[in-house]
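Under the heading ATP binding site, Swiss-Prot lists LYS619. Under the heading motif ''HIGH' region', Swiss-Prot lists 41-51. Annotation comment: Swiss-Prot describes 616-620 as motif ''KMSKS' region'.
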Amino acid sequence: MYSDFFNSIAFKWQAEWEKSKVFETNMDYSKPKFFITVPFPYTNSPMHVGHGRTYITADIYARYLRMKGYNVLFPFAFQFTGTPVLAIADSIRRGEVDVIEFFKNVYEVPQDKIKELEDPYKLAEYFKEEMKNTAKSIGMSIDWRRTFTTTDPRFEKFIHWQLGKLKELGYLVTEDDVVGYCPNDGFPVGMHDTRGDIEPEITTMNVIMFEGSDSYNFMVATSRPELIFGVVALMVNHDANYVVVEYEGKNFIISEKAYKKLSFQKNMKLVKTITTSDIVKLYAINPITGRKLEIIKNKYVDPSLGTGVVMSYPAHDPFHYLAMTETNKEFEVIPVVETEELDEIPGESAVLQTKNPYALKDFMESIYKTEYYKGYMKDIILSLVPDFLKQYVKENIVGKQVQEARKNTIELLKSLNIYDTIYEISNGPIYCRCGSEIVPKRIKDQWFIAYDNPKWKASALKAINNIELIPNPTKTELEKIVFNARKEPIGRSRGIGVKLPWDESQIVESLSDSTLYTLLYTVIYKMPINIEKEIFDFIFLGKGDAKELERKYGTDLIQLREEFLYWYPVDQRHTGRDLIQNHIPFYIYNHLAIFGEKYLPKRIVINGFVRVGGRKMSKSLRNIYTLSKAIKEFGVDPVRIALTSTSDLLQDLDFNENLVNPIAEQLKKIYDLIDRLLSINTEIKELRTADEWISSKVRDIIEKVNNNITSFKYRDAVNLLLYEIYEILRDYFDLVEIPNQEVIRKILSIWIRALAPFVPHIAEELWHKISSTFVSLEKYPEPNELNLYPDAILEISYINKIIENVRELEDIVHKKAEKVIIYINESEKVKELMKNAIKAVNEEIPLREFTANTEDKIAEKVYVVVSKLDKAIRDYLLNNEIDEEQIIVKNMNFLLRRLGVSEIVIYNAEDPTVPDVKGKKSQALPLSPAIVVE
C-alpha cells in the first residue's frame, strides 16, 4: 500500500548511514560497552521472515542502547559450513525441476544465475551477498568491517585452535556409538543436515527372538516385553515386502524396510525374499510360555517400525484386538496386567466403543500409560510358564508393578538368550537434505564432543543460573536439554567447512564450528590472513610472547588483546527458539571449557517462530516468505514492527498482509501528522491545563516505553508509540483551539526519538526536518524531559471519564443525548472518606480490611474508584483539594462540542433541593459523578 513511500525513505537513510559510518564501533572507555550478537545464517537460501524476527529484535535493542549512551557493537557473519549448501548445489546440478523452479519463483534467482549455483561455493557466496543486502535493507545497524565467513582461512585456524583445546581437555573422544545417519551421503547428521531442521532422536526398542517352523525364526520388536506372557499370535503387514536374513547364525523373518534400516546397526546378511502368503503358513513358539502361535497378516502393522513383525496381545492393545477379530476366527485373550482404572480386558473395551483408528490410537496410548504407571502383573502368569521358570516368575514378576516387571522380564529374556535391542528414530521419518531417509547407525571410531561428560555437564547446569534467560520459562527448557545432553558427532565425510586437523577425511559439522565464533568479531577485522593457532592463545588467553608474535605476524597483538578484553563477553545473544535444542547449550559448554565462567554470555534472548498461512515455513509447503519480498510488498519499517512487536517475545506470529497493512497505515498517518505539526507557528506562550496534561501523559508513556523495551515487551512499547501518543495528540487538539508551539515541538522531538529504534528510517526522515544530526545517535528520551502535572492529568481524565460514561449511556438507550445531567458529590464527609481510601490503597490495605473499619455504605465504591488512579494522582489528592464543578464549568465548551449536546446541567448531590432524576443522586461519588442523559 505504502511500500514505495517507506522504502524510498529507508534506502535513502541507509546510504547516508553507510556513507557516514554511523554504526562502525571502536573501543571507547568513556561509555559502557554492549556487545550484542545473533546466530550467523546458513547461506543456502535468502533471509526469510523468521530470520528477520530474530535479527530485528536484536537490532531494536542495539539501537535503543546506542541512544542510551552505550558503545554498542553489533556484528554479523555468514556460515558456509555443513551440508545445506552442498545439498542444494547438488540438487541444481542434477537438474531437479522443483528446486530450480523454487529458486526462480520464490527466491527470485535470475535464470542466468542458476547454472552458476551448481558450484556450492558460488551458491554460498551468492546468498551471502543477497543476505548482506537484505540485512542492510531491513535497517540492521551492523558494523560490517567485522564480517567473515566460515571459509575464511582465519576462521579455519580458529576452529583448529578451539578443537585442539577441547581435545587437550579430554572433551573430544572417539568411540562407537549410534547416531542418525544418511545412507546416501555416508555421514552422521544433526538438525541442520535435515529437511525441516529436525534433530534425529534415537530410542532403543526391545527385540524378542521367536523360533518358528521350517527353520525360520522371527525377530519381534516391542515396547512392552512384559506382555510376552499374554501373546497369542504374531502379526505382519498384509501387503508389505518381507525378507529372510541371516543373523548370528540363524534365519529370521523381518520386513524389507526393517532390513534396510537394521543393516546399518546389525551384521545381517540378506538370504531371500518371502511373501506374506508363505509367512502365514508358518507358526512360531512363544519362547516363555511354549504356546504355538499363528502368524496373521493385517493392515495395522507398520513395516517400517521396529522389525515389521509384531507380537499380538489383544487383551491390552485395541489394534491387536481388532486385528484378531478381523480374522473371523476364534481367538484367546489372556490379560496379564490389572489396574483399578481399566476394565479386565481394556483392548476389547476400547474396540467396543469405537473402531476409528485415530480414536483407537488414543485408547492405546492411554492404556499403555495407565498400565505402565499403575498396573500390576496378574497371578495367572504363573500358570502360563513351564515349571523351570515358575520360581523366577513368582519372585520377580507376579504381583509386581509393571515398571519393575518389565525390567525383570528383560533379564529373563536375556538369560534365555532370546533378547536383543535395536535403535529407532523416534521422531521419524526424517530426511537428509539430499532426500534420503535418516537411519540409526552404529559408527566405529567416530569423533564426538563429549557433552555427556559429567563434570562438564554439571558446570553447564550451574552456569545457566548465572545467565539471564529471557523469557524466563526458557531456563527450565534449557536445563532439561543440558541434563539430557549426549555425545555429538563432530565430523562429516562431505560438505563445506573446516577439516579436522588430525583427520582430513572429516569436515567439522556445522553445530561444532558455531559455538565460539563470537570471539572473532572482536578482532578479525585487524587480523592478518596468514596466521597460526598460537595467535589465538595470546589474544584470547594472554599466553605467549607478544613481541615475538608481533615480529612474526607484523600485527599489534597487544591492541588485539586489548580489544578482545574490552568487548568480551557477549552481553546479549539473540536466537530463535529452535536453537535452544543445540546451539545455545553448545555455546555455553564451549565457553565454559576454554574460559570457565568468566566469558559466559550475560543474557540470552529467545524469540518464537514466524508462521506463514498458519504453518511453519517449509519448502515442501512452498510457504517460504523471504524478507526481501516482505520489504518490497510492505516497506521496511512496517515489516520491522510486524515481525517484532505484534506478539509476545516467545509467542509464534503469523505473518500476512492483515498483520502488516494496518501498521503501514498507522505509520503513514503518524508521518503525515508529525510533518504537519512541525509546520505549526503560534504565539501561545502560557502553559495551559491541556499543555500540562499532554506533557504529563507523554512523560508517562516514555517511562512505560523505556521499561517495556528493557523487559522485551516490544508489543506494549509499540502500542504506546504508534497509537497512544497519536490519540493523545488528537485529544489535545480537541481541547485547545490554538496549540502551544513550544510544547508540541518538544513532544514531537521526544516522539521521533522514541520511535527511532523501531522505525529508524521514518524517524530519521522526520528528525532531519528539525535537526541535521542522525537521530540514530541522539539521546533516547527520558521521562524527566517533561514535567509531571498531576492536577492537569486529573482534570482532563475527569472530563474524559464523563464523555466515556455519556457514550455508554447512549449505547444503552440507543439514542443520541440532547441534554446531560451531572451529579457531583463533594461533601466534606465523602472527601475525608476518599483520602482514607487513598491511604489504604497506598499502604496496600485490602478492600475487606478497609471496609471493616468504617460504617459508611459507599466505602467500598470509593475504594474501588481511587484504586484505579495512578499513584501520582493519589498522592496529589492527599494534599490538594479539587473542585469538580469548577473543572466541568472550565471545560464546558469542550464537553458541549465533543458530546454534541445542547445543554449540560450540574447538580450537587448533597443539595436536597435539586431534583433526583432517575434516582441517580445517591450514586454520585468523588471523582465518579452520576450521569443522566435525556
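Counting starts with 1 at the first residue shown.
Backbone N, Cα and C define each Cβ position, glycine as well.
Within the same chain, residues at least 6 positions away in sequence whose Cβ sits under 8 Å from that of the residue listed as 'ATP binding site' are PHE102, ARG195. For the motif ''HIGH' region' (41-51), the mean pLDDT of the prediction comes to 95. A coil conformation is recorded for the residue listed as 'ATP binding site' in the three-state DSSP classification, outside any helix or strand.
Taking H, G and I as helix, E and B as strand and the rest as coil, DSSP gives the motif ''HIGH' region' (41-51) the counts 3 helix, 2 strand, 6 coil.
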